[in-house]
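Taken from TrEMBL as is:
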TRANSMEM  23-45  transmembrane segment
DOMAIN    38-287  domain 'G-protein coupled receptors family 1 profile'
TRANSMEM  57-78  transmembrane segment
TRANSMEM  98-117  transmembrane segment
TRANSMEM  137-155  transmembrane segment
TRANSMEM  197-222  transmembrane segment
TRANSMEM  234-257  transmembrane segment
TRANSMEM  269-289  transmembrane segment
Amino acid sequence: KNQTRINEFILLGFSCGLQIQTLLYLVFLFTYTVTVIENAIIIFVVKRNIHLQKPMYYFLGNLSFLEIWYVSVTLPRLLFGFWSPSMTISFSSCMTQLYFFISLMCTECVLLAVMAYDRYLAVCHPLHYPAIMTHKLCFQLSTLSWAGGFSISLVKVSFISRLTFCGPHVINHFFCDISPVLNLSCTDMSLAETVDFVLALVILLIPLLIIVFSYCCILSTILCMPSIQGRRKAFSTCTSHFTVVIIFFSATLFMYARPRRIHPFNLNKIVSVFYAVFTPALNPLIYCLRNKEVKEILRKIIS
């Protein structure tokens with residue numbers, strides 16, 4: 001009761017020397033620019049090329065659109081903070097950033113599960129695939145991904161925003177993430193922490209179970225194929241997605257499906273840089289380098 005409620009936070013970001021800060025600024029600026037350009041190219045190629053009007057590329061376009069906003073939630077403010085004397089952020093802006101970041105992350109969880117289901121139908125039920133995976137179903141599944149991600153995040157952030165923050169008002173992170181914000185609360189946060197932990201398990205584990213089940217069926221079907229060429233072709237359609245799944249879920253499970261006070265914030269920042277900055281830049285490369293159709297179309301466009 002004797003403490004004063006604070007209305008803004010200070011994001012520490014990366015506190016280091018001028019030379020290292022300049023290097024980090026250039027690295028993050030380059031990564032942000034490359035990420036936006038890569039994903040915009042994928043959206044353009046998928047949208048304009050008739051040969052890519054397939055469910056797999058429709059979902060890939062959704063993923064690329066998501067990745068552009070994913071990095072745009074955190075990186076512009078981080079880049080501005082490198083040259084700002086104090087990187088302050090208001091309480092409402094912090095909650096807004098937290099909401100959109102978690103919403104996009106939850107949406108990506110569901111979208112990756114939808115893409116795994118699409119690969120399952122394509123490999124395990126190829127004859128029925130065109131009849132099942134129609135344009136209508138693709139639209140419904142993508143809408144479910146976005147609506148589910150933003151709805152769950154709304155519940156999580158609403159519980160966090162009701163907490164009282166009395167100080168210190170310094171967040172040892174480069175954006176408003178759940179763990180650093182929760183630990184600044186001066187009121188009982190057990191309910192908000194429990195709700196956040198349970199919903200994190202739901203939004204992570206249910207899509208992960210769908211992905212694991214889908215790939216178990218895919219692997220079983222591939223092993224039963226008589227020709228080696230058929231196995232390679234079926235396996236090549238799934239490797240890009242499977243690689244992205246491993247990278248994304250390994251980082252997010254480490255960060256969000258655990259109690260809040262296990263790991264120090266400096267480690268949180270390192271892991272956050274990996275999945276919030278570098279992963280969105282790697283995903284388009286993974287899909288393009290492993291996909292013959294996309295590579296061929298990009299060669300034609302360049303030439």
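Every residue gets a Cβ built from N, Cα and C, even glycine.
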Ranking 23-45, 57-78, 98-117, 197-222 by Cβ pairs under 8 Å to the transmembrane segment (137-155) puts first 98-117
Other same-chain positions with a Cβ less than 8 Å from the transmembrane segment (197-222) and lying at least 6 residues past its termini are 106, 109-110, 112-113, 116-117, 119-120, 123-124, 148-149, 152, 155-156, 231, 234-235, 238, 242, 245, 249, 252-253, 256-257, 259-260
